[in-house]
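Look at Swiss-Prot and you will find H66, H68, D158, D309 tagged as Zn(2+) 1 binding site. Under the heading substrate binding site, Swiss-Prot lists H68, W69, R70, N100, N282, H313, P327, G328, citing sequence analysis as support. According to Swiss-Prot, the Zn(2+) 2 binding site annotation covers D158, H185, H237. As annotated by Swiss-Prot, active site applies to D309, with the evidence given as sequence analysis.
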Amino acid sequence: MSTRSGSAAELAIRGAHVVDPSSGLDGVTDVVVRGGRVAAVGRGRPAARELDASGLFLFPGFVDLHAHWRTPGREDEEDLESGSSAAAAGGFTGVVMMPNTDPVLDRPALVSGLVRRAERESRVRAFVAAALHAGLAGERLTEMRLLKEAGALCVSDDGLGTQSAGVLRNGMLYARSAGLPVILHCEDRTLATGAVHEGAAAALAGVPGTPASAEDVATAAALVLAAETGARVHITHVSTALSAALVGFFRGRAAVTADTTPHHTTLTDELVFALDGLFRVNPPLRPGSDREGVVGALRDGILDFVATDHAPHAPEEKELPLEEAAPGFLGHETAFAALYTGLVLEGRLSLGRLVEAMSCGPGRWVGGLGSLSPGSPADLALVDLGEEWTVSRRTLASRSSNSPYLGRRLRGRVVGTMVGGEMVYDRMGARLGVRT
(Lines of atoms letter the chains of each structure in order from A; the text may use other names.)
(Lines give C-alpha, C1' and ligand atoms only; values in the text may rest on other atoms or scores of the structure.)
Protein backbone atom coordinates (compact mmCIF):
# COMPACT_ATOMS: atom_id res chain seq x y z
CA MET A 1 0.00 0.00 0.00
CA SER A 2 1.32 3.43 -0.86
CA THR A 3 1.82 6.00 1.89
CA ARG A 4 -1.30 6.27 4.05
CA SER A 5 -0.35 8.87 6.61
CA GLY A 6 -3.58 10.80 6.07
CA SER A 7 -3.91 14.56 6.22
CA ALA A 8 -2.46 16.39 9.20
CA ALA A 9 -5.58 18.57 9.31
CA GLU A 10 -8.52 17.14 11.16
CA LEU A 11 -11.47 15.90 9.13
CA ALA A 12 -14.89 15.62 10.73
CA ILE A 13 -17.29 13.21 9.06
CA ARG A 14 -20.63 14.73 10.01
CA GLY A 15 -24.05 13.21 10.44
CA ALA A 16 -23.57 9.62 9.32
CA HIS A 17 -25.35 6.76 11.05
CA VAL A 18 -22.35 4.98 12.55
CA VAL A 19 -22.55 1.22 13.11
CA ASP A 20 -19.57 -0.31 14.89
CA PRO A 21 -20.34 -3.31 17.10
CA SER A 22 -16.77 -3.32 18.43
CA SER A 23 -17.40 0.09 20.03
CA GLY A 24 -21.11 -0.28 20.75
CA LEU A 25 -21.95 2.45 18.24
CA ASP A 26 -25.28 2.45 16.42
CA GLY A 27 -26.63 5.93 15.76
CA VAL A 28 -26.07 9.28 14.09
CA THR A 29 -22.86 10.93 15.25
CA ASP A 30 -19.62 12.49 13.98
CA VAL A 31 -16.25 10.82 13.52
CA VAL A 32 -13.12 12.97 13.61
CA VAL A 33 -10.00 11.76 11.80
CA ARG A 34 -6.51 13.12 12.42
CA GLY A 35 -3.10 11.82 11.33
CA GLY A 36 -4.55 8.71 9.76
CA ARG A 37 -6.39 7.60 12.89
CA VAL A 38 -9.76 8.07 14.52
CA ALA A 39 -9.28 11.01 16.88
CA ALA A 40 -12.75 11.25 18.40
CA VAL A 41 -16.35 10.12 18.06
CA GLY A 42 -19.19 12.45 19.05
CA ARG A 43 -21.35 15.32 17.87
CA GLY A 44 -20.10 18.86 17.43
CA ARG A 45 -16.34 18.30 17.46
CA PRO A 46 -14.57 21.16 15.64
CA ALA A 47 -12.34 20.35 12.68
CA ALA A 48 -10.63 22.23 9.86
CA ARG A 49 -12.35 20.11 7.21
CA GLU A 50 -15.79 18.60 7.18
CA LEU A 51 -17.45 15.86 5.18
CA ASP A 52 -21.23 15.97 5.05
CA ALA A 53 -22.28 12.34 5.40
CA SER A 54 -25.89 12.94 6.37
CA GLY A 55 -28.12 10.17 5.09
CA LEU A 56 -25.23 7.73 4.82
CA PHE A 57 -24.11 4.85 7.01
CA LEU A 58 -20.53 4.65 8.25
CA PHE A 59 -18.88 1.33 9.12
CA PRO A 60 -15.36 0.25 10.01
CA GLY A 61 -13.72 -0.70 6.72
CA PHE A 62 -14.46 -4.23 5.58
CA VAL A 63 -11.63 -6.78 5.79
CA ASP A 64 -11.55 -9.70 3.33
CA LEU A 65 -9.65 -12.76 4.54
CA HIS A 66 -9.75 -14.50 1.17
CA ALA A 67 -8.94 -13.03 -2.24
CA HIS A 68 -7.00 -13.91 -5.37
CA TRP A 69 -5.31 -10.92 -6.97
CA ARG A 70 -3.46 -13.20 -9.43
CA THR A 71 -0.13 -11.54 -8.70
CA PRO A 72 2.38 -12.80 -9.65
CA GLY A 73 1.64 -14.70 -12.83
CA ARG A 74 -1.85 -13.81 -14.09
CA GLU A 75 -1.92 -10.04 -14.06
CA ASP A 76 -4.08 -10.19 -17.18
CA GLU A 77 -6.92 -11.32 -14.87
CA GLU A 78 -6.11 -9.06 -11.90
CA ASP A 79 -3.19 -7.09 -10.56
CA LEU A 80 -2.52 -5.19 -7.38
CA GLU A 81 -3.90 -1.93 -8.75
CA SER A 82 -7.11 -3.39 -10.18
CA GLY A 83 -7.69 -5.79 -7.31
CA SER A 84 -7.26 -3.09 -4.72
CA SER A 85 -9.44 -0.71 -6.74
CA ALA A 86 -12.19 -3.33 -6.78
CA ALA A 87 -11.72 -3.85 -3.05
CA ALA A 88 -11.92 -0.13 -2.33
CA ALA A 89 -15.07 0.17 -4.47
CA GLY A 90 -16.62 -2.52 -2.29
CA GLY A 91 -15.69 -0.83 0.98
CA PHE A 92 -12.79 -3.16 1.76
CA THR A 93 -9.81 -1.55 3.46
CA GLY A 94 -7.85 -4.75 4.11
CA VAL A 95 -7.45 -7.89 1.98
CA VAL A 96 -5.56 -11.18 2.46
CA MET A 97 -4.07 -12.47 -0.81
CA MET A 98 -4.00 -16.24 -1.29
CA PRO A 99 -0.79 -18.07 -2.28
CA ASN A 100 -1.93 -20.07 -5.35
CA THR A 101 -0.20 -17.71 -7.75
CA ASP A 102 2.34 -18.47 -10.48
CA PRO A 103 4.84 -19.08 -8.98
CA VAL A 104 3.26 -20.24 -5.73
CA LEU A 105 4.11 -18.04 -2.74
CA ASP A 106 6.17 -20.72 -1.03
CA ARG A 107 9.55 -18.98 -0.64
CA PRO A 108 10.60 -16.02 1.51
CA ALA A 109 11.85 -13.99 -1.46
CA LEU A 110 8.51 -14.29 -3.23
CA VAL A 111 6.61 -13.28 -0.11
CA SER A 112 8.82 -10.30 0.70
CA GLY A 113 8.73 -9.19 -2.93
CA LEU A 114 4.94 -9.21 -3.00
CA VAL A 115 4.76 -7.43 0.35
CA ARG A 116 6.96 -4.64 -1.03
CA ARG A 117 4.97 -4.41 -4.27
CA ALA A 118 1.70 -4.22 -2.38
CA GLU A 119 3.04 -1.39 -0.23
CA ARG A 120 3.70 0.56 -3.42
CA GLU A 121 0.77 -0.43 -5.63
CA SER A 122 -2.24 -1.36 -3.51
CA ARG A 123 -4.89 1.20 -2.61
CA VAL A 124 -5.81 -0.78 0.51
CA ARG A 125 -3.96 -2.75 3.17
CA ALA A 126 -2.85 -5.96 1.47
CA PHE A 127 -1.68 -8.97 3.48
CA VAL A 128 0.08 -12.07 2.14
CA ALA A 129 -0.92 -15.65 2.90
CA ALA A 130 2.07 -17.87 2.15
CA ALA A 131 1.79 -21.49 1.04
CA LEU A 132 1.47 -24.20 3.68
CA HIS A 133 3.46 -26.64 1.55
CA ALA A 134 5.88 -26.28 -1.35
CA GLY A 135 4.13 -25.64 -4.63
CA LEU A 136 0.83 -26.32 -2.83
CA ALA A 137 1.58 -29.93 -3.78
CA GLY A 138 0.60 -31.34 -0.39
CA GLU A 139 3.92 -32.95 0.42
CA ARG A 140 6.89 -30.93 1.72
CA LEU A 141 6.10 -28.19 4.23
CA THR A 142 7.38 -24.68 3.63
CA GLU A 143 9.87 -22.86 5.90
CA MET A 144 7.17 -21.11 7.87
CA ARG A 145 9.41 -19.20 10.26
CA LEU A 146 11.26 -17.68 7.32
CA LEU A 147 7.99 -16.92 5.55
CA LYS A 148 6.79 -15.09 8.65
CA GLU A 149 10.02 -13.08 8.78
CA ALA A 150 9.47 -12.22 5.10
CA GLY A 151 6.10 -10.68 5.95
CA ALA A 152 3.52 -13.48 5.68
CA LEU A 153 0.44 -12.94 7.82
CA CYS A 154 -0.54 -16.61 7.72
CA VAL A 155 -0.15 -19.81 5.70
CA SER A 156 -2.80 -21.48 3.56
CA ASP A 157 -3.48 -24.42 1.27
CA ASP A 158 -6.23 -22.59 -0.59
CA GLY A 159 -7.01 -23.69 -4.10
CA LEU A 160 -6.23 -27.36 -3.70
CA GLY A 161 -6.54 -28.36 -0.06
CA THR A 162 -4.19 -30.71 1.80
CA GLN A 163 -5.05 -34.29 0.93
CA SER A 164 -2.80 -36.06 3.46
CA ALA A 165 -3.92 -35.93 7.09
CA GLY A 166 -0.33 -36.55 8.14
CA VAL A 167 0.97 -33.59 6.17
CA LEU A 168 -1.85 -31.41 7.49
CA ARG A 169 -1.16 -32.42 11.10
CA ASN A 170 2.55 -31.70 10.75
CA GLY A 171 1.76 -28.42 9.02
CA MET A 172 -0.46 -27.35 11.90
CA LEU A 173 2.23 -28.23 14.43
CA TYR A 174 4.85 -26.27 12.49
CA ALA A 175 2.53 -23.29 12.00
CA ARG A 176 1.76 -23.24 15.71
CA SER A 177 5.46 -23.23 16.58
CA ALA A 178 6.06 -20.43 14.06
CA GLY A 179 3.17 -18.37 15.43
CA LEU A 180 1.23 -18.38 12.16
CA PRO A 181 -2.49 -19.03 11.71
CA VAL A 182 -3.55 -21.51 9.02
CA ILE A 183 -6.32 -20.83 6.48
CA LEU A 184 -7.67 -24.13 5.15
CA HIS A 185 -9.53 -25.04 1.97
CA CYS A 186 -11.37 -28.19 3.06
CA GLU A 187 -11.94 -30.51 0.12
CA ASP A 188 -11.37 -34.23 -0.39
CA ARG A 189 -10.40 -34.40 -4.05
CA THR A 190 -11.13 -38.12 -4.29
CA LEU A 191 -14.78 -37.12 -3.79
CA ALA A 192 -14.73 -33.74 -5.55
CA THR A 193 -14.96 -35.00 -9.12
CA GLY A 194 -17.85 -32.94 -10.49
CA ALA A 195 -18.44 -29.38 -11.59
CA VAL A 196 -21.46 -28.56 -9.42
CA HIS A 197 -23.18 -29.79 -6.26
CA GLU A 198 -24.36 -33.38 -6.53
CA GLY A 199 -28.09 -33.13 -6.01
CA ALA A 200 -31.47 -32.89 -7.67
CA ALA A 201 -30.58 -29.83 -9.76
CA ALA A 202 -27.42 -31.45 -11.16
CA ALA A 203 -29.31 -34.65 -11.95
CA LEU A 204 -32.07 -32.79 -13.80
CA ALA A 205 -29.52 -30.69 -15.70
CA GLY A 206 -27.40 -33.73 -16.54
CA VAL A 207 -24.21 -32.23 -15.09
CA PRO A 208 -21.73 -34.34 -13.06
CA GLY A 209 -21.81 -33.34 -9.41
CA THR A 210 -19.58 -33.28 -6.34
CA PRO A 211 -21.18 -34.50 -3.10
CA ALA A 212 -21.33 -32.33 -0.01
CA SER A 213 -19.24 -34.99 1.71
CA ALA A 214 -16.19 -33.77 -0.24
CA GLU A 215 -16.26 -30.69 1.97
CA ASP A 216 -17.67 -32.28 5.12
CA VAL A 217 -15.11 -35.09 5.38
CA ALA A 218 -12.20 -32.68 4.95
CA THR A 219 -13.70 -30.17 7.38
CA ALA A 220 -14.14 -32.85 10.04
CA ALA A 221 -10.54 -33.99 9.65
CA ALA A 222 -9.20 -30.44 9.82
CA LEU A 223 -11.16 -29.69 12.98
CA VAL A 224 -10.04 -32.89 14.72
CA LEU A 225 -6.42 -32.07 13.90
CA ALA A 226 -6.85 -28.46 15.00
CA ALA A 227 -8.12 -29.63 18.38
CA GLU A 228 -5.25 -32.10 18.72
CA THR A 229 -2.44 -29.75 17.68
CA GLY A 230 -3.64 -26.50 19.24
CA ALA A 231 -2.95 -24.65 15.99
CA ARG A 232 -4.87 -21.49 15.18
CA VAL A 233 -7.00 -22.66 12.25
CA HIS A 234 -9.41 -20.79 10.00
CA ILE A 235 -11.79 -22.78 7.78
CA THR A 236 -12.63 -20.78 4.68
CA HIS A 237 -15.66 -20.73 2.35
CA VAL A 238 -17.91 -23.05 4.39
CA SER A 239 -20.82 -23.98 2.13
CA THR A 240 -22.69 -26.90 3.72
CA ALA A 241 -24.96 -27.06 6.73
CA LEU A 242 -23.03 -30.03 8.14
CA SER A 243 -19.65 -28.32 7.88
CA ALA A 244 -21.11 -25.29 9.65
CA ALA A 245 -22.47 -27.57 12.39
CA LEU A 246 -19.07 -29.24 12.72
CA VAL A 247 -17.46 -25.85 13.26
CA GLY A 248 -20.02 -25.20 15.98
CA PHE A 249 -19.27 -28.55 17.65
CA PHE A 250 -15.56 -27.76 17.81
CA ARG A 251 -16.09 -24.24 19.15
CA GLY A 252 -14.28 -24.28 22.48
CA ARG A 253 -12.50 -27.52 21.61
CA ALA A 254 -10.12 -25.94 19.09
CA ALA A 255 -8.73 -22.50 18.25
CA VAL A 256 -10.90 -22.35 15.16
CA THR A 257 -12.69 -19.63 13.22
CA ALA A 258 -14.57 -19.94 9.95
CA ASP A 259 -16.07 -17.90 7.14
CA THR A 260 -18.63 -18.27 4.43
CA THR A 261 -19.10 -16.26 1.25
CA PRO A 262 -21.70 -13.87 -0.15
CA HIS A 263 -22.53 -16.31 -2.95
CA HIS A 264 -23.01 -19.33 -0.69
CA THR A 265 -25.46 -17.34 1.44
CA THR A 266 -27.45 -15.65 -1.34
CA LEU A 267 -27.39 -18.06 -4.33
CA THR A 268 -28.26 -21.74 -4.80
CA ASP A 269 -27.40 -24.62 -7.10
CA GLU A 270 -30.52 -23.95 -9.18
CA LEU A 271 -28.26 -21.73 -11.30
CA VAL A 272 -26.93 -24.98 -12.78
CA PHE A 273 -29.94 -24.93 -15.11
CA ALA A 274 -28.35 -22.00 -16.97
CA LEU A 275 -25.59 -24.41 -18.06
CA ASP A 276 -23.30 -21.38 -18.02
CA GLY A 277 -19.63 -21.59 -17.05
CA LEU A 278 -20.04 -18.23 -15.32
CA PHE A 279 -21.76 -20.02 -12.43
CA ARG A 280 -19.08 -22.60 -11.72
CA VAL A 281 -17.38 -22.06 -8.36
CA ASN A 282 -15.54 -24.17 -5.79
CA PRO A 283 -16.98 -25.16 -3.39
CA PRO A 284 -20.07 -25.32 -5.59
CA LEU A 285 -23.30 -23.49 -4.94
CA ARG A 286 -25.49 -25.64 -2.70
CA PRO A 287 -29.23 -26.29 -2.42
CA GLY A 288 -31.47 -24.10 -0.33
CA SER A 289 -31.28 -26.39 2.70
CA ASP A 290 -27.51 -25.93 2.92
CA ARG A 291 -27.81 -22.22 2.30
CA GLU A 292 -30.28 -21.88 5.16
CA GLY A 293 -28.00 -23.84 7.48
CA VAL A 294 -25.03 -21.67 6.57
CA VAL A 295 -27.01 -18.43 6.95
CA GLY A 296 -28.24 -19.57 10.36
CA ALA A 297 -24.68 -20.37 11.43
CA LEU A 298 -23.54 -16.93 10.27
CA ARG A 299 -26.41 -15.26 12.12
CA ASP A 300 -25.61 -17.17 15.32
CA GLY A 301 -21.86 -16.48 15.16
CA ILE A 302 -20.90 -20.12 14.55
CA LEU A 303 -19.46 -18.93 11.26
CA ASP A 304 -17.47 -15.90 12.32
CA PHE A 305 -16.83 -13.95 9.15
CA VAL A 306 -17.78 -13.30 5.56
CA ALA A 307 -14.95 -13.54 3.03
CA THR A 308 -15.43 -13.11 -0.70
CA ASP A 309 -13.05 -15.65 -2.29
CA HIS A 310 -12.64 -12.97 -4.98
CA ALA A 311 -11.42 -15.02 -7.97
CA PRO A 312 -11.06 -13.17 -11.29
CA HIS A 313 -10.90 -15.17 -14.52
CA ALA A 314 -10.28 -14.24 -18.13
CA PRO A 315 -13.35 -14.47 -20.42
CA GLU A 316 -11.99 -17.49 -22.27
CA GLU A 317 -11.87 -19.42 -18.99
CA LYS A 318 -15.53 -18.78 -18.15
CA GLU A 319 -17.19 -18.69 -21.58
CA LEU A 320 -17.17 -22.48 -21.71
CA PRO A 321 -19.55 -25.33 -20.94
CA LEU A 322 -20.12 -25.60 -17.21
CA GLU A 323 -17.98 -28.73 -16.80
CA GLU A 324 -15.00 -27.11 -18.53
CA ALA A 325 -15.07 -23.60 -17.08
CA ALA A 326 -12.64 -22.40 -14.43
CA PRO A 327 -14.28 -22.15 -11.00
CA GLY A 328 -14.53 -18.80 -9.27
CA PHE A 329 -16.44 -15.53 -8.91
CA LEU A 330 -15.58 -11.89 -8.46
CA GLY A 331 -16.54 -10.79 -4.97
CA HIS A 332 -15.19 -7.49 -3.67
CA GLU A 333 -17.53 -5.00 -5.30
CA THR A 334 -20.82 -6.81 -4.75
CA ALA A 335 -20.24 -8.43 -1.34
CA PHE A 336 -21.94 -5.90 0.91
CA ALA A 337 -24.81 -5.13 -1.46
CA ALA A 338 -25.53 -8.82 -2.11
CA LEU A 339 -25.62 -9.59 1.61
CA TYR A 340 -27.58 -6.48 2.53
CA THR A 341 -30.13 -7.17 -0.21
CA GLY A 342 -30.37 -10.92 0.25
CA LEU A 343 -30.08 -11.24 4.03
CA VAL A 344 -30.54 -7.97 5.93
CA LEU A 345 -33.51 -6.65 3.95
CA GLU A 346 -35.09 -10.11 4.10
CA GLY A 347 -34.84 -10.10 7.91
CA ARG A 348 -32.44 -13.04 8.04
CA LEU A 349 -29.43 -11.14 9.40
CA SER A 350 -29.11 -7.91 11.35
CA LEU A 351 -27.09 -5.03 9.97
CA GLY A 352 -24.93 -5.07 13.09
CA ARG A 353 -24.13 -8.75 12.67
CA LEU A 354 -23.22 -8.16 9.02
CA VAL A 355 -20.81 -5.37 10.01
CA GLU A 356 -19.31 -7.61 12.69
CA ALA A 357 -18.81 -10.38 10.12
CA MET A 358 -17.33 -8.13 7.42
CA SER A 359 -15.43 -5.56 9.50
CA CYS A 360 -14.87 -6.07 13.21
CA GLY A 361 -14.29 -9.81 13.31
CA PRO A 362 -11.88 -10.17 10.39
CA GLY A 363 -10.20 -6.93 11.46
CA ARG A 364 -9.39 -8.49 14.82
CA TRP A 365 -8.19 -11.63 13.04
CA VAL A 366 -5.57 -9.76 11.02
CA GLY A 367 -4.84 -7.53 14.01
CA GLY A 368 -5.71 -3.96 14.92
CA LEU A 369 -8.38 -3.26 12.30
CA GLY A 370 -12.17 -3.25 12.14
CA SER A 371 -12.92 -0.60 14.76
CA LEU A 372 -13.77 3.10 14.92
CA SER A 373 -12.70 3.53 18.53
CA PRO A 374 -10.37 6.51 19.13
CA GLY A 375 -6.80 5.62 18.26
CA SER A 376 -7.79 3.03 15.66
CA PRO A 377 -6.63 3.37 12.05
CA ALA A 378 -9.05 5.58 10.13
CA ASP A 379 -10.20 2.80 7.82
CA LEU A 380 -13.89 3.17 7.05
CA ALA A 381 -16.65 2.61 4.53
CA LEU A 382 -19.46 5.06 3.78
CA VAL A 383 -22.55 3.39 2.35
CA ASP A 384 -25.83 4.61 0.91
CA LEU A 385 -28.26 1.91 2.02
CA GLY A 386 -31.02 3.35 -0.13
CA GLU A 387 -29.21 3.32 -3.46
CA GLU A 388 -30.32 0.66 -5.91
CA TRP A 389 -27.97 -0.34 -8.69
CA THR A 390 -27.60 -2.98 -11.37
CA VAL A 391 -24.38 -4.97 -11.53
CA SER A 392 -22.81 -4.73 -14.97
CA ARG A 393 -19.38 -5.00 -16.53
CA ARG A 394 -19.36 -1.21 -16.66
CA THR A 395 -19.74 -0.92 -12.88
CA LEU A 396 -16.81 -3.24 -12.09
CA ALA A 397 -13.29 -1.97 -11.36
CA SER A 398 -11.76 -5.45 -11.62
CA ARG A 399 -9.85 -6.45 -14.73
CA SER A 400 -12.28 -9.36 -15.02
CA SER A 401 -16.07 -9.49 -15.10
CA ASN A 402 -17.03 -12.98 -13.87
CA SER A 403 -19.59 -11.89 -11.30
CA PRO A 404 -22.58 -14.17 -10.65
CA TYR A 405 -24.61 -11.03 -9.93
CA LEU A 406 -24.30 -9.56 -13.43
CA GLY A 407 -27.66 -8.11 -14.39
CA ARG A 408 -29.02 -8.29 -10.85
CA ARG A 409 -30.41 -5.28 -9.07
CA LEU A 410 -28.97 -4.80 -5.60
CA ARG A 411 -29.59 -2.30 -2.84
CA GLY A 412 -26.92 -0.61 -0.77
CA ARG A 413 -23.82 0.83 -2.39
CA VAL A 414 -20.47 1.98 -1.11
CA VAL A 415 -19.95 5.67 -1.88
CA GLY A 416 -16.67 6.29 -0.08
CA THR A 417 -13.77 4.27 1.33
CA MET A 418 -11.00 5.63 3.53
CA VAL A 419 -7.72 3.90 4.41
CA GLY A 420 -5.48 5.47 7.02
CA GLY A 421 -7.35 8.75 6.73
CA GLU A 422 -7.03 8.94 2.94
CA MET A 423 -9.99 8.61 0.59
CA VAL A 424 -9.14 5.77 -1.79
CA TYR A 425 -12.62 5.57 -3.33
CA ASP A 426 -15.04 8.48 -3.62
CA ARG A 427 -18.46 8.69 -5.27
CA MET A 428 -19.74 11.42 -2.95
CA GLY A 429 -19.21 14.43 -5.17
CA ALA A 430 -19.04 17.84 -3.51
CA ARG A 431 -19.71 16.79 0.08
CA LEU A 432 -16.26 17.83 1.33
CA GLY A 433 -16.11 21.36 2.68
CA VAL A 434 -13.69 23.58 4.60
CA ARG A 435 -14.71 25.44 7.75
CA THR A 436 -14.09 29.16 7.93
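Backbone N, Cα and C atoms are what each Cβ position is placed from, and that goes for glycine too.
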Discussion item. Please report the three-state DSSP label of H66 (Zn(2+) 1 binding site).
Written reply: strand
Worksheet item: Can you count the other CB atoms that lie within 10 A of the CB of N282 (substrate binding site)?
Response: 21
Item to complete: Based on DSSP, name the secondary structure state of H237 (Zn(2+) 2 binding site): helix, strand or coil.
Response: coil
Worksheet item: Any idea what the Cα distance is from D309 (Zn(2+) 1 binding site) over to W69 (substrate binding site), rounded to a whole Å?
Response: 10
Worksheet entry | Neighbouring C-beta atoms (10 Å sphere around the C-beta of W69 (substrate binding site)) | 31
Worksheet entry | Proximal but sequence-remote residues of the same chain as G328 (substrate binding site) (Cβ under 8 Å, at least 6 apart) | H68, R280, V281, N282, D309, A311, P312, H313, N402
Worksheet item: Near H185 (Zn(2+) 2 binding site), which residues of its own chain have a C-beta under 8 A away, given they sit six or more steps off in sequence?
Response: S156, D157, D158, G159, L160, G161, T236, H237
Worksheet item: Which residues, sitting 6 or more apart from H66 (Zn(2+) 1 binding site) on the same chain, put a CB under 8 Å from its CB?
Response: V96, M98, D158, I183, T236, H237, D259, A307, T308, D309, H310
Item to complete: List the residues of the same chain that sit at least 6 positions away from R70 (substrate binding site) in sequence and have their Cβ under 8 Å from its Cβ, in sequence order, or write 'none'.
Response: D76, E77, E78, D79, G83, T101, P312
Worksheet item: Highest CB neighbour count within 10 A among the binding-site residues D158, D309?
Response: D309
Worksheet item: Which residues, same chain and not among D158, H185, H237, have a CB within 8 angstroms of the centroid of the CB atoms at the recorded Zn(2+) 2 site?
Response: H66, M98, S156, D157, G159, G161, I183, L184, C186, E187, T236, D309
Item to complete: Determine which residues of the same chain, besides H66, H68, D158, D309, have their CB within 8 A of the center of the CB atoms at the recorded Zn(2+) 1 site, and list them by sequence.
Response: A67, M98, G159, H185, T236, H237, A307, T308, H310, A311
Worksheet item: If you draw a 10 Å sphere on the Cβ of N100 (substrate binding site), how many other Cβ atoms land inside?
Response: 21
